[in-house]
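Residues or ranges marked as active site, proton acceptor in Swiss-Prot: HIS140. According to Swiss-Prot, the 3'-phosphoadenylyl sulfate binding site annotation covers 83-91, ARG175, SER183, 307-309, 313-314. Look at Swiss-Prot and you will find LYS113, LYS114, ARG130, TRP135, HIS140, HIS187, TRP194 tagged as substrate binding site. Positions annotated as N-linked glycosylation site by Swiss-Prot: ASN254, ASN310. Look at Swiss-Prot and you will find 367-389 tagged as region 'Disordered'. The topological domain 'Cytoplasmic' annotation in Swiss-Prot covers 1-4, and the record cites sequence analysis as its basis. Annotated topological domain 'Lumenal' per Swiss-Prot: 28-401, in sequence order, evidence recorded as sequence analysis. Residues annotated as transmembrane segment in Swiss-Prot, with sequence analysis given as evidence: 5-27.
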Amino acid sequence: MVERASKFVLVVAGSACFMLILYQYAGPGLSLGAPGGRAPPDDLDLFPTPDPHYEKKYYFPVRELERSLRFDMKGDDVIVFLHIQKTGGTTFGRHLVQNVRLEVPCDCRPGQKKCTCYRPNRRETWLFSRFSTGWSCGLHADWTELTNCVPGVLDRRDPAGLRSPRKFYYITLLRDPVSRYLSEWRHVQRGATWKTSLHMCDGRTPTPEELPPCYEGTDWSGCTLQEFMDCPYNLANNRQVRMLADLSLVGCYNLSFIPESKRAQLLLESAKKNLRGMAFFGLTEFQRKTQYLFERTFNLKFIRPFMQYNSTRAGGVEVDEDTIRHIEELNDLDMQLYDYAKDLFQQRYQYKRQLERREQRLRNREERLLHRSKEALPREDTEEPGRVPTEDYMSHIIEKW
């Protein structure tokens, strides 16, 4: 009896081990349905729930909140990424070439700085960015440069012929101005210069008098934060507004073209207008929301979810409150733009999530109604029609009565 019980225990234990091993190899690849026959939860679980108590600062009409485009990758549509320094654009740029689920993925080969991102139906690029076409319009080209340069560059790369003109969808990332400024300082401190940037505007580059250098020598490595802040020509100041505005409106880099206060006002309003007109923009501080809005805007899906890394080089810089206030003053236009952009970003996210929830509730309701109607059909089919008494049968009953 003891021997038989021992064999039984061994069989059960062996079966359990076999099932465990089988699950380890096959389990991750299995698609198991949710209980009750319901579909598994969608990717909405990846994204933060909108704050129901969020207070809007600015009014935006629905047309500014709705961003569902019919991006035609097989047609003539092109995504143009405006990469502002130290906004997380390098990471986002890699997402575009390595992490988007595509019919024909970008060809990224080890050791090469650029990937080949062809359309599914022809050898022509659908993405204009650092990691696909390189710095074809200059290092970190701004809105003024890109809008005047991109069409010509692509026409030379891929002659249009008789086809319809291309449609360009501009995208960018913004970042908290203080964090971005500190990050740029640390980058310059390590030897970065971006001195090969063209700053092309109205067909010419700025003169040395219009854009004097902040340092002598090959770079500004080792500069202190105070030295970085003291240079009045430092392009780090209000960089995001300058790179998003139409510089032609203010005489490009000629500071004597219009009064300083008027110039600042025109730059800020132009940057806001161009930001609203872009197909998409994200915020470095909200990675998952940025992923969500990009996917819903272009109807493209990322393979792996975005990660929020808050421990950046700027995050490790300890500065006092007076220094932070000074940085905010130097970047006053960027502070105003970011406040505006953050509110628009949050409203777009809230609007789209609410819209999707409403559509999901309608789909669920339609599915329930359809399910109930299908359940009712078999009972109706199996019911036999009642027998109608014949005239002879009724006469027979009456006679007996």
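Even glycines carry a Cβ here, placed using N, Cα and C.
The structure, with features from Swiss-Prot marked on it.
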residue	record	CB count, 10 Å
GLN85	3'-phosphoadenylyl sulfate binding site	22
THR87	3'-phosphoadenylyl sulfate binding site	25
THR91	3'-phosphoadenylyl sulfate binding site	15
LYS113	substrate binding site	9
LYS114	substrate binding site	17
ARG130	substrate binding site	21
TRP135	substrate binding site	16
HIS140	active site, proton acceptor	21
HIS187	substrate binding site	17
ASN254	N-linked glycosylation site	17
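Comparing C-alpha positions, HIS83 (3'-phosphoadenylyl sulfate binding site) sits nearest to ARG130 among the recorded positions LYS113, LYS114, ARG130, HIS187, ASN254. In space, HIS140 is the closest of the recorded positions LYS114, TRP135, HIS140 to THR87 (3'-phosphoadenylyl sulfate binding site), judged by Cα positions. In the structure shown, across all protein chains, SER183 is the one of the binding-site residues SER183, GLN308 with the greatest number of other Cβ atoms within 10 Å. Its Cβ placed at the centre, TRP194 (substrate binding site) has 14 other Cβ atoms within 10 Å. In this view, GLY89 (3'-phosphoadenylyl sulfate binding site) is surrounded by 21 other Cβ atoms within 10 Å of its Cβ, with every protein chain counted. It is 14 Å from the Cα atom of SER183 (3'-phosphoadenylyl sulfate binding site) to that of TRP194 (substrate binding site). Note on proximity: of the recorded positions GLN85, HIS140, GLN308, the one nearest ARG130 (substrate binding site) is HIS140, by Cα distance. Those residues noted as binding substrate (LYS113, LYS114, ARG130, TRP135, HIS140, HIS187, TRP194) have their most widely separated CA atoms at a distance of 22 Å. Neighbours of TRP194 (substrate binding site) among the recorded positions GLY89, THR91, HIS140, ASN254, GLN308, defined as a Cα within 10 Å of its Cα, are HIS140.
Taking Cα separation as the measure, TRP135 (substrate binding site) is nearest to GLN85 of the recorded positions GLN85, THR91, ASN254. Considering only the recorded positions GLN85, ASN254, GLN308, the residue whose Cα is spatially closest to the Cα of HIS187 (substrate binding site) is GLN85. Across the structure, GLY89 (3'-phosphoadenylyl sulfate binding site) and the residue listed as 'active site, proton acceptor' are spaced 10 Å apart at their Cα atoms. Distance between Cα atoms for ASN254 (N-linked glycosylation site) and the residue listed as 'active site, proton acceptor': 20 Å, as a whole number.
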